[in-house]
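S.K.: TrEMBL lists these features:
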| type | residues | note |
| --- | --- | --- |
| DOMAIN | 22-294 | domain 'G-protein coupled receptors family 1 profile' |
| TRANSMEM | 6-32 | transmembrane segment |
| TRANSMEM | 44-69 | transmembrane segment |
| TRANSMEM | 123-149 | transmembrane segment |
| TRANSMEM | 169-195 | transmembrane segment |
| TRANSMEM | 243-263 | transmembrane segment |
Amino acid sequence: MNIWEVTLAFVVVVLMLVSLLSNVLVLICFLYSADIRKQVPGLFILNLTLCNLLMTVSSMPLTLAGIIYERQPGGDEVCHVVGFLETFLTTNSMLSMAALSIDRWIAVVFPLSYHSKMRYRDAALILSYTWLHSVSFPIVAASLSWVGFHHLYASCTLYNKRPEERTQFMIFTGVFHTLSFLLSLVVLCFTYLKVLKVARFHCKRIDVITMQTLVLLVDIHPSVRERCLEEQKRRRQRATKKISTFIGTFILCFAPYVITRLIELSSVVPISSHWGIISKCLAYSKVVSDPFVYSLLRHQYKKTWKDIINRILKRSSINSSALASEPPNRNILQLNE
């Protein structure tokens, strides 16, 4: 192994560890908090978290082995199963992000009718569609033997070894990325830009009220006035930062890999194996960023973790205080037994 391969293997190991830890934390929060489980977006986040965990324990270890040994790890059956799962989980996670954006769009743009438009039954129907949509492509690929170990990405994924089926595989790959990556991106951009428009409208209304109040309060201290203006500025930037994060991480993580797959089919531009693995690692980095973007940095999840930690510390402090207050003669009796 050269320095590039060692570096890429180290990156994959770090991504695996961080992804496993962060997604397990999200799962613990979901199981611990009844409030999170009651909310409809919790179903989408649970589905996304399970997809990320399965990707972490199935596809990423084989990619690590492929980088280290520079060949297919395990037998063909294992590689076919992992390639099937990789295609299914990637599509499912993309559609889950699109479902979360639709939920936010309905909640912000139609707040009064949100509970009637987005119920548990509606969320279950959306998840059923994501599963059917996601599983259809790997079933077709597996039936046509288009799943295998791809040396360019050092992973088990969509791969055609027969030159006579090149045209059919190109059409399939184009349709697959159009109905997974491009469709999800269009939904994300449409819904979050609508959310941003509403958020800016509300910010303008609050800014007008704030400025009118500051004008009326002539005796207000300058520091208070300055803090109000700073909060006004942060309020305008908050929604933009969040939506830029949602859309930006999706494009940054998935677009290089998808574009590389499409360029690879043309056979016009030679692609370095190092870049192929880097683009694959960028796609894996979405598995790492999702828990922070959609869950762990939100107030409700922070509060849940504080409750869990406080409960653990309280229990340990109770046990230690009970042990300290234990009568000394009992300890002596235990030693004499």
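Even glycines carry a Cβ here, placed using N, Cα and C.
Locate each feature and note its surroundings.
M.R.: Using a Cβ-Cβ cut-off under 8 Å and counting only residues 6 or more beyond its ends in the same chain, the transmembrane segment (6-32) has close neighbours at 42, 45-46, 49-50, 52-53, 55-57, 60-61, 63-64, 67-68, 274, 277-278, 281, 284-285, 287-288, 290-292, 295-296, 301, 304-305, 307-308.
Taking Cβ pairs closer than 8 Å, the transmembrane segment (44-69) reaches residues 1, 5, 8-9, 12-13, 15-16, 19-20, 23-24, 26-27, 30, 78-79, 82, 85-86, 89-90, 92-93, 96-97, 99-100, 103, 123, 126-127, 130, 149, 151, 153-156, 277, 280, 284, 287, 290-291, 294-295 in its own chain, all 6 or more past its ends.
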S.K.: Six or more residues beyond either end and a Cβ under 8 Å away: which residues meet both conditions relative to the transmembrane segment (123-149)?
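M.R.: That would be 40, 43-44, 47, 66, 71-73, 76, 79-80, 83-85, 87-89, 91-92, 95-96, 99, 102-103, 155-162, 165, 168-169, 172, 176, 179-180.
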